[in-house]
Amino acid sequence: MITCLVMYLFAEFDDAANLLAANPDATTISIDEPVEIPKNQHSRLQEPGREEDDELLGTDDSDKTELLAGQKKSAPFWTFDYYQTFFDVDTYQVLDRIKGSVFPVPGKNFVRLYIRSNPDLYGPFWICATLVFTIAVSGNLSNFFIHLGKPTYHYVPEFRKVSIAATTIYAYAWLVPLALWGFLMWRNSKVMNIVSYSFLEIVCVYGYSLFIYIPTAVLWIIPQNVVRWVLVVFSLCLSGSVLVMTFWPAVRDDNRRVAVATVAAILLLHALLAVGCL
């Protein structure tokens, strides 16, 4: 039996020798040599200058982020747990996002840095509510200080300013992001390079960008029109820069006129809100 086994092994070696003689380019695998695992064939080469674009647009690990977000919001929409996820943030996250909206960093995307990991409605809701009452109170106090000392003036609180401010601010904070989200989705079907933010992310950007108007509205009590307009322009530039640095990277690969018109419309609506609040 041992003799047969030895003869069988020699026959296998002879076959291998004949194969190598017939095809010298044939390769053999040795169990002593480590097998090199090929790299992922789906990874694309980064073109020069596009790495920064991907960072600004937030495309890195976007699939993983969307998957995690989908798992976190997997509850049915008619349940309380579904809406509870929109308010699942702590104080440090809200303060960090407020700080990011007040001190925007050039070249850094607000959504990618602060929002995408956990978009929320808690901050935007309370920022809008605080801004509504701040504008209403400041408007009444400003009117009081302007007419202070006039014998014919009798102070009467204007409570209608609360309803007007609430309607304007909440309509702006919800309807404008809805329109922008729909526009980006439409352009995404036309141009492959367009990045569409989710509706919740756009609402977060607009909500947190309004925070700067809260301290500005408090300073509007100063009865000097020049000071008020300076504060409005300063707040508009600061909050508008957050919107531009967030949405310009998403539309700049589109048609040049469309991209410029989109950013111009965003700034125009933002300016109308600031002037309307004043």
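Note that Cβ sites are derived from N, Cα and C of the backbone, with glycine treated the same way.
Going by TrEMBL, these are the annotated features:
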- 37-61: region 'Disordered' (REGION)
- 50-60: compositional bias 'Acidic residues' (COMPBIAS)
- 102-274: domain 'Yip1' (DOMAIN)
- 121-142: transmembrane segment (TRANSMEM)
- 162-186: transmembrane segment (TRANSMEM)
- 198-223: transmembrane segment (TRANSMEM)
- 229-251: transmembrane segment (TRANSMEM)
- 258-276: transmembrane segment (TRANSMEM)
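Residues 53, 56-57, 101-102, 104, 106-111, 180, 184, 187, 194-197, 205-206, 208-210, 212-213, 216, 219-220, 258-259, 262-263, 266-267, 270-271, 274-275, 278 of the same chain, all 6+ positions outside the transmembrane segment (229-251), place their C-beta atoms under 8 angstroms from a C-beta of that stretch. The transmembrane segment (258-276) shares more Cβ pairs under 8 Å with 162-186 than with any other stretch in the list 121-142, 162-186, 198-223. If you look at the transmembrane segment (121-142), the same-chain residues 6 or more away from its ends with a CB under 8 A from one of its CBs are 86-87, 89, 94, 97-98, 157-159, 161-162, 165-166, 169-170, 173, 200, 203-204, 206-208, 210-211, 213-214, 217-218, 220-223, 277.
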